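Record features, source TrEMBL:
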- B:30-58: compositional bias 'Low complexity' (COMPBIAS)
- B:438-455: compositional bias 'Basic and acidic residues' (COMPBIAS)
- B:76-138: domain 'DUF1587' (DOMAIN)
- B:160-221: domain 'DUF1595' (DOMAIN)
- B:236-363: domain 'DUF1592' (DOMAIN)
- B:382-483: domain 'DUF1588' (DOMAIN)
- B:495-567: domain 'DUF1585' (DOMAIN)
- B:30-73: region 'Disordered' (REGION)
- B:418-457: region 'Disordered' (REGION)
Amino acid sequence: MSRPIPRRTVLRGMIAGVAVALPLPRLAGMLDGNGTAYADSTPLLPRYLTWFFGNGADPTQWVPEATGQGAAWSVSPSLMPLAEYKPWLSVLSGYEVKIPALYAHKSAPAAVLTGAQAAMNGDVTAPSIDQKIAALINKDTAFPSGVHVGISNVTGAGALDFNISFNAPNAPNPPNYSPADLFATLLTLSGAQEPDPSLFRRKSILDAVAEEAKALQSRLGAEDRARLDRHLEGVAELQTQIDATISAADCGTPIDPDVAYPNRGEDGSISIDRCRAFADLLAFAFSCELTRVASFVFSCAACHAPYTEAGLGNVTFHEDFGHRLSPMGIDYATGGFRTGVAYAMSGLAELLKRFRDTPDATGNLLDNAVIYTTSCVGQPWDHRMDDFPLLILGKAGGLLRGDLHHRTAGDNASKVPFSLLKLFGSPEPSFGAAEGLVSETIPELLA
Amino acid sequence: MRRGDSHHLGALLAALLGAPACYQGDTANADGSAGTTTAATATGDSTDATAPTTTAADSDGDEPAPPQAVPGPTLRRLTASEFTHSMQDLLGPVTLGDVEADSLQDGFFAVGAARVALSPAGVARYEQAIGDATAQAFADPARVAQILRCVPTQLTDVTCMRDALATFGRRAWRRPLTGVELERYLGIATTIGSETGDVVVGLRHAVWALLQAPHFLYRVELGEPSPDHGGRLEFTSYEMASRLAFTLWNTLPDEALLDAAEADQLSDGPGVTEQAARMLADPRARQGVHNFIAELYGLWALGEKVKDDTLFPQWTPTLKAVMRDELLARVEDVVFDQPADFFSLYDGQKVFVNNELARIYGLEEVQPDVFRAAQLPEGSPRRGLIGSALVLAMNSLPARTSATERGQFIAESLLCRTVPPPPPTVDTNLDDEDVEDPGPKTLREKLEPHREKPECSGCHNITDPLGLALEHFDTIGRWRDNDQGLTIDASGELDGEYFADGGELAVLLRQHPMVANCLARKLYTYAGGRLPLTRDTDTIAEIEGELTLAGNRFDRLLLALVTHDDFRFAHPAGTVVAEDDTEGDKP
């Protein structure tokens, strides 16, 4: 069943002949008596975020011992940083990436993000799950293609470049590594600042840009037309944001990362403070429904960055620990790898904390979110693609049970993103291609 | 992302065949389909196996190649480097905010620029970066007078405004604006000028708009059908100006080149040759060669290269910077200053150092400490590119050397051999092998299983024997007599030729029959924004021939490339061209 795109807006008007509308944070007072829909009976929509970390996990430390729900299971050593959020956590273990690993850190992330094999040139061959969900629930926001952020900007062996969000082949949404930059953008949309008269000038310039691009389209082949269409989407998105700025309702003020986390490290470096800064900003953007879709790259596929803050030195995490090549020996490397995975999870925990502490409708943002967490490989030193790291956090507005460890014996990992796609109301009967193709969801996830 | 991804075709074939094999030649087509790749299978005990030396071009044999659909000319988004240089040419020195990063495909940003779409967030980044840059530049009236040919004092001075926008627009878009276009930007300037009461503010906004237009941000070089040339597309004189400038200078054309285009002097060979010769003599040609070399050798990755700082405290940001400067200085010396045989880079012993790098090379320090040319001692085993600190350090791990990465650099960057990545579900940890004998081992001993195991040997026999030649150089490029006290054996063979150490390997590389063809292929890929098709083999052979005739002068290779017919003509997209059909294509 396809869900209608909700048009929940609390502020409408005409400014300079342009219809403008911007949502306010959704709070209990705006909802119907049951807290399940807005007063005008538009249904509430959960928010979606892909949270990605490179270099996989060690299943012996990652997979919880017991399966089941609630008290039946306990979090594993690698997942200890998430213990506080166990009520919202669904661990899916035993799933396997069925797509042939033409390239270890590339085929697997392409499979769990898009359901399809990677292209030979390091690209994907299908859109990623966040973009499929964005098409369902995000078109009426200020960021129709979502907000995409990243912690580490260090590359990793050519695997999908830096990206985890793809609108189509050759159409990535590269992460923004600068909390200060995202803060500045969100601040203008928050209504906390006076709209600047120069906004109308920017709009007239963008109108000219769009005219030029449209005029050029007729001379282009299909692929170039698609690329220029994407450029035009970007122009339209910017126009929407300018309109939203002009009419911005008071959504409060996002937390300024330069004030809250002055020692967070350079853009592109890994630190928990950088995770906190983006967590604040994403919670703000989701709360105000400036976007309902986002992605968060802690580290890219096969990431070569060092995990210095975790006490793992200034060496590449991928080689010294992921492949256990540390000159300190294999025991040190194995221990360091486990430390690094738990460190990544502590970065995720910061996001969960902000979401849990942000009121939303009758509960909090974590109640109303879906956070899909995965990686580029299973156990990395053998480049395994079975027992893949797959987590879902949040309860999707009550649709997900949470507090679950569900284990299968080698089921297709594509079922996880497909289950999420169906959760957001997609009418599509299947997801993925070839060995990654599935048409079944995971019923155990549902409440 | 490290270096290129040209090896993935090999990975696909390896997976399909299920056999250990290595493949060579950049023969993947632009659409990702297989070219006429030749499989050279090396299995089992292959210590005697010779690395394959034939290229796709040599190995076509009598097999009729299937017809290939030719990709037509495509838009190419300016790479970050092209964007920066163009903005500075137009506005003078400005600080530029980040724009959306380049995508590396097939080893080159130039290829990614021809394929990958800008994201919506990337459009916002351009708006911001260009807005900030124009605000900086227009804040100073003296600068404005340099940027615009005419600076009006009032809004009624329409002739001057028109002149300013027409000349700026021609330079920025690499072609004259049409009447409609000019009126559009004049309209922006007039409206905003009257709103703000400042005509220059109005013009600044018109410039901001011109620089956000696709005609600035993309290379719009699409060609026009030419009935005189078998239905091929011929690039217009203005498009040729753009192609020449971005290829030779890594920036947009200057006024002289645009004037030549306006006089339609770039629609024939002699006109192009005259301009190209002028451009190669211009200092901006160095900028163009820098960028090719930076892309070819993947210098962008140096920034994120880490070394274990407990073992290598010498690895500092200043050392990294001088390593990069040195590599570019070596290239400039050979290409422009001497100029000499490009392949003297491959075995030469002239280096460029400051004191920090001199310590890595074991050379004398001098006072005052300046960046200077120096000669390695005669008989030094450190020779050529493969002995440069940059190549040695870039292709090493944080704590130790990597014969595989160093060998891969030689095989892929200098010989155009494709080295596929390791197959899945193999343990790549050399140290696991050590359990039975925990004593120290040389890298050659550690890598032995990779050269013996059938699933590893096909590729490791291409890379490792070459990389092991450099084992006397540690992970930051310093000479070492031994490895943990163990004797280093740096000897090996390249295509049947014995070498005793890295110095002798460097000499063999210079003389290798593939290096000229490989350089021509790389340049062709970079300039064209796509991997060569099999049918481009003849073109590459022709420009390689020019290189050889010119004593391997790189500037002559550039000249041969940009004056070749293939630089002036293209096939319409989707044209199916039989292998032996060079003219009269059938759309």
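Glycine is treated like the rest: Cβ placed from N, Cα and C.
Unlike curated records, TrEMBL annotations are generated automatically.
Here the listed stretches are B:76-138, B:160-221, B:495-567, and the one with the most C-beta pairs under 8 angstroms to the domain 'DUF1588' (B:382-483) is B:495-567. The predicted model assigns the domain 'DUF1588' (B:382-483) a mean pLDDT of 83. Residues of the domain 'DUF1585' (B:495-567) grouped by DSSP class, helix first, strand second and coil last, total 53 helix, 3 strand, 17 coil.
Helix, strand and coil residue tallies for the domain 'DUF1592' (B:236-363), in that order: 84 helix, 4 strand, 40 coil [DSSP].
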